[in-house]
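**Q** Before I ask anything, here is the structure I am working with.
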Amino acid sequence: MTRFIPPATEVLIVADCWQAEAEAEAIVLRAIEAAAAMTDADTADAELAVMLTDDAGVQTLNANWRGIDKPTNVLSFPALQPEGDAPDDAPKMLGDIAIAYQTTRREADDEGKPFDHHLSHLAVHGFLHLVGYDHEKDAEAEAMESLEREILAQLGVPDPYADQDRVN
């Protein structure tokens, strides 16, 4: 039996606004581990980074990488895997996730959700993008949202889609 090994996750707090959320790093780490445990992704010897930034930081990333000059709640950047064989001891890079504080806070407040629940959802959502899930087509969206619900239920977070549209 193979033992589950979560990915090594580095959480980088790059905007002072996150200092108001003392548990943000622990929330993100718990959400990533839960998501990794419930997917078929091989996360042993894998690494990813989560950047907790502000709306301006996410807006810059969104403009540079997606051509959309506005902030959003979460962005995921799956790592390109190198061609050829990597050294046996090289970690597998899953990619990077960026989460915008002001948008996350505003959405949680507008939807009457606890901030930690919404942050958990965005971390799970971002991780699923790194391991190949998407929501461009209806069938993909249904599969991704169903898995998000299952993962979040394991974390004690209610269905995030019960009263809203999909995460961008």
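Glycine too: its Cβ is placed from the backbone N, Cα and C atoms.
So Swiss-Prot lists the following for this protein:
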BINDING   H125, H129, H135  Zn(2+) binding site
**Q** Out of H125, H135, give me whichever of these binding-site residues has the highest number of other Cβ atoms within 10 Å.
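**A** Answer returned by the neighbour count: H125.
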**Q** Look up H129 (Zn(2+) binding site) in the DSSP assignment and reduce it to helix, strand or coil.
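**A** Its secondary structure by DSSP: helix.
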